[in-house]
Amino acid sequence: MSTVLLAVIAVILCILFRILNVNSQPHKPLIYGRDKNFIENILFIAPFLSEPYIPTRLWGFSGHVQTILHSLIGRVRCPWPIGARILLVLPDRSTLTYDLYEPVGAEHEDDVTVAICPGIGNTSESVYIRTYVHYSQRHGYRCAVLNHIGALNSVPVTGARIFSYGHTDDFSYMVENLMEKYPNTKLILVGFSLGGNLITKYLGEDRKRPKNIIGGISICQGYNAIDTMVYLLQWQNFRRFYLYIMTDNYRNIITRHKRMLLNQDMKIKYNLDEKMIVSAGTLPDLDEAYSRRLYGFKSVTELYKWSSSAFYLERVKTPMIFINARDDPIVPEPLLHIVREFVSSHDKKMFLELAHGGHLGFYEGGLLYANPVTWLDRAVVGLVGGLLMAHNKCSPKEHIETDCSMSDEEPDLIKSAAILYRDPFDKTQI
């Protein structure tokens, strides 16, 4: 073998090692929050959250690979959970659907419904949603998954709009319908990526919400769309590449339903130019040509400010837990100061910051082949159990004048809540 060929191979291996970060080591999640008792309750149910997260050895330390595999493959051996599709016709004539899944596993006293808001353009049919729902069902939770308007090929757009970054009414309609069906259930809201932004904004808006909501979990949201776009427009860390993919997906949804969204009446009413929409190269371009006009904003900046949860955080009173990874190529680390500062100054708030995981990846275990259940799936189920226990311990009707802290002899409600987190690799429970 020639010296030149060996040198080329060495260079290729160096590049691969650099991209895949194979020299990196597992790290414990950084846990932020000033409410020690609240965090203790969460970690009591899911103690693994304070242990090192161990990504798949050969590629799991790369945020890019985690993110791309999540987008292309989703999950290993993804199940199809069994549920029913609920259809709602909204006042603006839009057709909203959500999928409802009843619990099939562990039984416990509390009736709990996990209301899930997926990422941009995602639905109950998205692989990562299916995996989490199946795992959550097996732990005894009912799940309801919002299908963003326009995202399902099988459901036509019947109104004048599709989903948007900050329009929380669709999620609110699903929550209201769940309350009609299950008036005594305890609701925990879970949002992935864009969905995390939406549920946080929903909880911080000046609107009427059911008292049944006992907590929220936000995963990999960007908090401030204005600042996020500044980073995504840069080529550094290939962010512009991810922005192109998101733009293309959003534009495809609009053009797929152009009979309703881009008909002559719509073009005249909202001053829409189909050529500008089709040729938009970035999300800000597309939002200038379409979204901000549809929602009546004078500029894209105004649209992004209205859409961003960062401007509603101070009004969020519901217990909340946030999760982000520092190697997320879509949500850069400089954006995370927003949530660090928020949880450090508010009670019943917690932020889990991981060194690795990418955007919604969080694959773990194995050398090349990851475990079928990701760290994120385990974490969200554990966090739901922790929020439930924290709520039960601090219920004003049952625990007046308590500090909600862990005692040496845990009450029965703690013991019953402890069954909510189970070993994900026990094949009898998956």
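Cβ coordinates are placed from backbone N, Cα and C, and glycine is handled just like the others.
For reference, TrEMBL has these:
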- 1-24: signal peptide (SIGNAL)
- 114-365: domain 'AB hydrolase-1' (DOMAIN)
- S193: active site, charge relay system (ACT_SITE)
- D328: active site, charge relay system (ACT_SITE)
- H359: active site, charge relay system (ACT_SITE)
Ordered by sequence, the long-range same-chain Cβ contacts of H359 (active site, charge relay system) under 8 Å (at least 6 apart) are G63, Q66, T67, H70, S193, C220, A325, D328, P329, I330, V331
Counting all other Cβ atoms within 10 Å across every protein chain shown, which of the active-site residues S193, D328 scores highest? D328
Over the domain 'AB hydrolase-1' (114-365) the mean pLDDT stands at 96
